[in-house]
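Trainee: This is the structure I want to talk about, given as structure tokens.
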Amino acid sequence: MVKRASFCLLSCLIILFLSSVSAIIYDPQDKQVYVVYMGSLPSQPNYTPMSNHINILQEVTGESSIEGRLVRSYKRSFNGFSALLTESEREGVAEMEGVVSVFRSKNYKLQTTASWDFMGMKEGKNTKRNFAVESDTIIGFIDSGIWPESESFSDKGFGPPPKKWKGVCKGGKNFTCNNKLIGARDYTSEGTRDLQGHGTHTTSTAAGNAVADTSFFGIGNGTARGGVPASRVAAYKVCTITGCSDDNVLSAFDDAIADGVDLISVSLGGDYPSLYAEDTIAIGAFHAMAKGILTVHSAGNAGPNPTTVVSVAPWMLTVAATTTNRRFLTKVVLGNGKTLVGKSVNAFDLKGKKYPLEYGDYLNESLVKGKILVSRYLSGSEVAVSFITTDNKDYASISSRPLSVLSQDDFDSLVSYINSTRSPQGSVLKTEAIFNQLSPKVASFSSRGPNTIAVDILKPDISAPGVEILAAYSPLSLPSEDRRDKRRVKYSVLSGTSMACPHVTGVAAYIKTFHPDWSPSVIQSAIMTTAWQMNATGTGAESTEFAYGAGHVDPIAAINPGLVYELNKTDHISFLCGMNYTSKTLKLISGDAVICSGKTLQRNLNYPSMSAKLSESNSSFTVTFKRTVTNLGTANSTYKSKIVLNHGSKLNVKVSPSVLSMKSLKEKQSFTVTVSGSNIDPKLPSSANLIWSDGTHNVRSPIVVYIDGY
């Protein structure tokens, strides 16, 4: 009774405490950092962005001094600022003339090599290169910074930066740029040096030099290199260990665009998709697109659940993660001679010595000392020799001690062996790299569609290697998640859509070296329409276009796509009209006069994929898609259409006209795709592929229809 009363008292106190904390957190008089987005920079010659931002703050706060209020002013590539505001002040700013949106600055998360060989970009003379243009290509990475001393970013053999470069090297104390790493900016007050390893990893994946004999303690030995090793890189550090704030991210876009980068790579994202006017990555990417800069963005790591993709704007290229043909496996050898195969990146070698196996989830340290602990939960034991556990992940993680992660069936087999054997023994071997013939397969963690903001725009767009990627790393960051890990490495293995994103960034840069004048939409179209068609290796929604988009990126095919689907800023503004943005708001965003007339259907945006969300009540349906293609292949070519239904699809698809005769380069022709059917499964999309072929080029677009059942 006494114990129960004490528990009740403690519970009540906790509830009161949490209530008071909650009240403090949601006090409307508390000042929070808000982003104030004001669209494009006004063209008036006497307009000074920062002065205008200060005037707004003075007016809304009633204070002549706004010291400590203005956090950042966005004034180089677009207009806006971030500031400390109360809720009532936020409301006041939102009602002011010239303001598009005001939203709280949230934190994004980081979305955490043989892969280039796997995609067909072999090292050396086997891959066609245009080194002169590649050396003039600049990629900006908005991430956790960079390790400038890494061999992956050595400037040996590089000339001075391209003349178009307008950036700076402000990396902080003891940070030096060079002719490879030509720019660095910090928005965190930590300096641009990478303390987490993530930014170093992504940058080297896309554009790192070829560095021979790299490995993780002998695992995955080979040459680490990026897709465009001759290109230049610039690091924009927006992330700390606590996250990547909206106001930092928007500042990085503001600078990167004005600095003169050719591409922007963003391997971070939120927990859920946001409306475009409140999504700093979508905002920054829009203004980048308007300046001819493609933004490549990771899809997110919240899969395999549907509607989890966070990168949903059509003006940026959204990347899902897949496996490659190399997997890391860690074998467990039992005392009875049986071998079980698990996953991990285990650099420790027990040299085949067998130790007693102890099974249990919550064991006293004295019971596991000098033994291999077998548990359903990864233990923090410091006295066990090794660990064997189980989970349903389809990728390997680095361990700080000998570890193998078994499938549930193999784990059950191991437990059965322990329970039926008087003195069970075993050993965990060092990880080995094996050939994976089932690749590529979409990783379970990769976020899935459908798109919840623009429901008729298919996302993700493309998939690329993002599982067990070996690339450069920061020696200041732990290789594992165990804080007791004392090892430090220059190259490490990571998995995530963060790792997939820079692969596509590298491909986009590779395309740009052959076609410097291609617009962001043309590069995006080339990547999507030449992708490998993915084969569903599983069942259910996680094995559909909502998982992989148009397919798996094919770098070599993408430099010669034949036909492309072009889009420009005006097309995207019309699309936003159809999303119910007002003419007044869109004039602020675009900087141009805008009149939204009529209803523009999302699905008629000239996008390389076609998607339509149907009403749940639709037992039978007919939808149309209008598209225009531009000939970038050869003159006097004839393209014939072909429809290929995917497994289980009963769609009826017609293309009109079914033949396109292109007399000249850059000629445009339009067509309509009509899709009809009935009784669509509410849990699965129904899909097909439209292929335009002239005998040399095969220009493929996925067609997806789905019920509002997600």
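Each Cβ is built from the backbone N, Cα and C atoms, and glycine gets one as well.
Taken from Swiss-Prot, the feature signal peptide covers 1-23. Look at Swiss-Prot and you will find 115-559 tagged as domain 'Peptidase S8'. Per Swiss-Prot, active site, charge relay system is recorded for ASP143, HIS198, SER498, and the stated evidence type is sequence analysis. Per Swiss-Prot, the feature N-linked glycosylation site maps to ASN174, ASN221, ASN364, ASN419, ASN535, ASN568, ASN580, ASN618, ASN636; the stated evidence is sequence analysis. The feature domain 'PA' is assigned by Swiss-Prot to 354-414.
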Trainee: Look up ASN364 (N-linked glycosylation site) in the DSSP assignment and report helix, strand or coil.
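Mentor: In three-state terms, ASN364 (N-linked glycosylation site) counts as coil.
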Trainee: For the domain 'PA' (354-414), what is the mean per-residue pLDDT, to the nearest integer?
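Mentor: Averaged over the domain 'PA' (354-414), the predicted model reaches a pLDDT of 88.
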Trainee: For ASN568 (N-linked glycosylation site) and ASN580 (N-linked glycosylation site), what Cα-Cα distance in Å is obtained after rounding to a whole number?
Mentor: 19
Trainee: Count the residues of the domain 'PA' (354-414) that DSSP assigns to helix (H, G, I), to strand (E, B) and to coil, and report the three numbers in that order.
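Mentor: Tallying H, G and I as helix, E and B as strand, the rest coil: 11 helix, 18 strand, 32 coil.
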Trainee: I'd like the Cβ neighbour count for ASN636 (N-linked glycosylation site), meaning other Cβ atoms within 10 Å of its Cβ, all protein chains included.
Mentor: 10
Trainee: Between the Cα atoms of ASN419 (N-linked glycosylation site) and SER498 (active site, charge relay system), what distance do you get, rounded to the nearest Å?
Mentor: 42
Trainee: Among ASN364, SER498, ASN568, the recorded positions in question, whose Cβ has the most other Cβ atoms within 10 Å in this structure?
Mentor: SER498
Trainee: In the structure shown, with every protein chain counted, which of the glycosylation sites ASN174, ASN221, ASN419, ASN580 has the densest set of Cβ atoms within 10 angstroms of its Cβ?
Mentor: ASN221
Trainee: Between ASN174 (N-linked glycosylation site) and ASN580 (N-linked glycosylation site), how far is it from one CA atom to the other, in Å?
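Mentor: It is 50 Å, counting Cα to Cα.
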Trainee: Which number gives the other C-beta atoms within 10 angstroms of the C-beta of HIS198 (active site, charge relay system), all protein chains shown included?
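Mentor: Its Cβ has 26 other Cβ atoms within 10 Å.
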Trainee: Find the one among the active-site residues ASP143, HIS198, SER498 whose C-alpha lies closest to that of ASN636 (N-linked glycosylation site).
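Mentor: For ASN636 (N-linked glycosylation site), the closest Cα among ASP143, HIS198, SER498 is found at SER498.
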Trainee: Determine, using Cα-Cα distances only, which of these active-site residues is closest to ASN364 (N-linked glycosylation site): ASP143, HIS198, SER498.
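Mentor: Its closest listed neighbour, by Cα, is HIS198.
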Trainee: What recorded positions among ASP143, ASN221, SER498, ASN580 are found with a C-alpha within 10 angstroms of that of HIS198 (active site, charge relay system)?
Mentor: ASP143, SER498
